[in-house]
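One structure is given below, encoded as structure tokens.
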Amino acid sequence: MLRGQTLPWRAVLHQTPRPLLRRPFLASPRYNATFRSTLVSVRLGDSLPSSSRAFSASSIRRREKPPPEDPKDESEKKEELETSQDNKETGRAPESRRKGADSGKNVPSADQVAPVRRKDRSSDKERGVEEEVKKEANVSDGKGSSNDTPSPIPPSDGPADSKPSGASSGGNGGNDDGGKKGKKASGEKALQKPAVPDVYPQVMAIPIAKRPLFPGFYKAITIRDPNVAVAIQDMMKRGQPYVGAFLFKDDNADGDVIEKLDDVYDTGVFAQITAAYPLRGEASGVTAVLYPHRRIKISSLLPPAEKTKAATPPPAPTSEDKPTEKRGDVVASFEETAPEPAPKDHYEPTSFLKKHPVSLVNVENLIEESFDKKNPIIRAVTSEIVNVCKEIATLNPLFRDQISAFYTDQFPGNLSDEPAKLADFAAAVSAGELHEMQEVLETMNIEERLPKALVVLKKELMNAQLQSKITKDVEAKIQKRQREYWLMEQMKGIKRELGIESDGKDKLVEKFKEKAEKLAMPEVVKKVFDEEINKLAHLEPAASEFNVTRNYLDWLTQIPWGQKSVENFGVKNAVSVLDEDHYGLKDVKDRILEFIAVGKLRGTVEGKILCLVGPPGVGKTSIGKSIARALNRQYYRFSVGGLTDVAEIKGHRRTYVGALPGRIIQALKKCQTENPLILIDEVDKIGRGHQGDPSSALLELLDPEQNNSFLDHYMDVPVDLSKVLFVCTANVTDTIPRPLLDRMELIELSGYVADEKMAIAERYLAPAARDLTGLKDVDVKLERDAIEELIKSYCRESGVRNLKKQIEKVYRKAAFKIVQDLGEDVMSEEAALTEAGKVAQEESKEHEPADPAQVPIEPEKSTTEIPRLALKVPDSVHLSIGKGTLKDYVGPPVFTADRLYDQFPPGVTMGLAWTSMGGAALYVECILENALKHDSRPGLEITGNLQNVMKESTHIAYSFAKSVMARKFPENQFFEKAKVHLHCPEGAVPKDGPSAGITMASALLSLALNHSLEPTVAMTGELTVTGKVLRIGGLREKTVAARRAGATKILFPTDNTSDWLELPENIKEGIEGHPVNWYSEVFDLLFPSLDHEAARMVWKEALAKPEKGSHEANEE
């Protein structure tokens, strides 16, 4: 063997695997082979011509010395010469040609080389044979071409710096290393080209996904199953690299083994593996390049062998008689042909694969139906396919290259001679649906195959046209914008040169400077403004920092530095405004009048922080707007209920995209004054999250000592908020953080009593409801007794929000009744329309179709109301709504009685509670669970959804009641034998608070003494175990609740006497207040007529022991 005949496969595969897969594989691959002795060198990307014999792809390593001359080689050369001469006589010229500047000499094709056998020839013909072979190779160098199929290229372990053999070996031996050293093998063998067998009844099946393979077009597939990879290597070593490729029916299917025939289509292709090399990063994977030859069909699937762990291919055997092989280069050898199979009953070329767990199938060849080339349908469809290919080629450059290569290799003559190949090409290069591609592959009738291929190709044309259109549109938009940009820049430059107009940036800077001159900015703010203006002047408008700086300057110049609204310090004006909007609320009005009086004496005012606390519906939010109107200040409101982001109060950092200042700076920008009234609503419902604690951010805002230099994160300059009047609203103070509550001045707003509700309804709610329902000029009157019934039986809450809803409901019902009584004849639809309304109606009728169901639904551009005339109700219509007819408008009463009990049984008392909705009556009930006996066991059970504090109050009251009975009525052993159940009604409402002690103790004593209490007595106060009555809160609300419940006497702790004295007379009217300090005073007020002797003996008979004689008689 000569050195120049060694093929460095691994080097080529490592250097050029991607170009091999990227280049379009042609239907007639070119090859370039150089043969001299017994080895053939092939360059990567080329192919070997097929022959009529099988070949071996076993790995041959580079040898240090050439092998000894074999006398049999000369005889084989002579036989090859004779074969070549026979081919020339029959007119078959060699078709191989040279490809590339550094390739070897071409070899004759399979049709030119006949099979030869090794025979003994005389040595006198050696020179003639050698010279004839050299001569023939030189003649055919670079001129011949071949349409034969490529031969397989096995994976190699050659060094990375090896060169293709064609670059180092020549056909005449004068250009290679062997020729230079004068080494020449004495025996040379003829090249045996492996031919594709026409009959191959059994193949290894490889399933493929996404698209099928078509004969004559290369396809690279990836094999990840190690068993299939080992089987492929085994096939290539044996010189039988033939497989069947079949398409998965499921688009998402994946795998290298066919589990069952239903998973794939039965029609596929018989393909040859032309190249195989390991996957990068995977030890067991293989990438194989397939070249399909013909169509085949599966007849049956053989059961695979048991799956075993795939082993790596064994190394080539070595022996002592063979020269030492150098590790590295692996070549393709045709020295030995594949061993001929032993004679069997039937031909099984893949019997050696049965040991591998792969898919083996029995197949049969599919023969295309004969057709007439002059068939007008075939010629027409063929012509149309060619035209479509030309159109696609004009749109897609890559497609143009594929078509050019295909025409050059497949159709050297007329296209109409090969319509079958043209149909396969159309399907192979198109991106159609899976089933459409498979139908083209399965169709053996050319006349039917061509239209199917044309449909697939037409879709490819549509995709190419759409892609081209999108590309052109995008390019046109880009070019248009680019052109406009350059024209605008040129126009700006021309205007600057002529002095017609300055740059837009210069105008922006001038605008900011003009706005800043009108403001009284502090020195710190002025310095920051100058710095930002200089930065803006030196920035390009296209820079991102330009927009950030511009927005900051915009906010900085929109804050009203030094701008104040002129305040009204008139006390009479403030009183009239406040009384005009609200009834009552004396505490709030007095505080505002005090604020105005101080400002009038000083000539200036400072901002204050007020907090209005009260139940819903008492007018906390609306009073803020009235205060602003009375003081002639701008009004701004925002709610912090549920707020969890500190940035809402103090703004975002300027580094963030879309950053904005906080709500306080936004309020100043909207009001354009430094002294607005800002209402912070629902301050008791502020939240807390991962973005900070907004209540802590309000500490700086609502602190009079700090808010003169409030620092917003976005503005980053101190802002004076000392002149802002802050008004906060809350329902309760328990949820307000204590440091924040300490900074605010609390003003409590209690609920309204019936008299106040009546005045509010007559002055504000009823007139507003009449105007809202269109009854302002109609004689509809809501009687006073009807309003009283609404307050008493429908709206017992502290506020007037529900009362407002009920009054509006009454007037809506009245409006409906009036319109219904008048009828449609009073004003028809045509008469109600104005001129503009009639025009709009006519336009809508013109565009309205006969069948509305056929109208396509389109989004409305705008929603407008057709102008109409208001219905004028005649003066003869009169409607009066009194107490008797009220239920016809608002339904039956919700509350049917003033109290829960008209008469209290023993063990029941009425307490008073305070909630966020105002005051409420809280009843306490006690009963005896079991009949009293001398051997009864005492106990206490508590129900009514009582929370921890009230449970403690219950146990304290129980213990104190037992001490009172033991001290005042020792003979009464009620608590020693009785099991008592204490309950508070309305168990769905949680109850808690330290103000029900005396109420529970009184209920327990009432039951123990079997003495009923007065139903008109209500009480509130916490009790200690020694009998001391402690201070409570919410006396005003509780007094209002007691009055609603019909109480005439109320007991409260002595420490709350000041609160009682401050209550308005209209609230205390009809109620007698009794302050108490110890429970003994409560006992005397609740049990003034108690018979002490009867109280001692009330349970004596029930608790007496039965006599012994009677007990024994009962036992007998």
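In case you wondered, yes, glycine gets a Cβ from its N, Cα and C as well.
All TrEMBL annotations are machine predictions without curation.
Annotation source TrEMBL lists ATP binding site at Gly614, Pro615, Pro616, Gly617, Val618, Gly619, Lys620, Thr621. The compositional bias 'Low complexity' annotation in TrEMBL covers 50-59. Taken from TrEMBL, the feature compositional bias 'Basic and acidic residues' applies to 65-102, 121-138, 177-191, 319-328, 840-850. Residues or ranges marked as domain 'Lon proteolytic' in TrEMBL: 903-1089. Marked as region 'Disordered' by TrEMBL: 47-193, 302-328, 836-861.
Apart from the site residues Gly614, Pro615, Pro616, Gly617, Val618, Gly619, Lys620, Thr621, the chain places the Cβ of Leu612, Thr729, Asn731, Leu749, Gly799, Arg801 no farther than 8 Å from the centroid of the site's Cβ atoms, the recorded ATP location. Neighbour density for Val618 (ATP binding site): within 10 A of its CB lie 26 other CB atoms from the protein chains shown.
Around the Cβ of Pro615 (ATP binding site), a 10 Å sphere holds 23 further Cβ atoms from the protein chains shown. Mean pLDDT of the predicted structure over the domain 'Lon proteolytic' (903-1089): 90. Among the binding-site residues Gly614, Pro616, Gly617, Gly619, the residue whose Cβ has the fewest other Cβ atoms within 10 Å is Pro616. By the criterion of other Cβ atoms within 10 Å of the residue's own Cβ, the least surrounded of the binding-site residues Lys620, Thr621 is Thr621.
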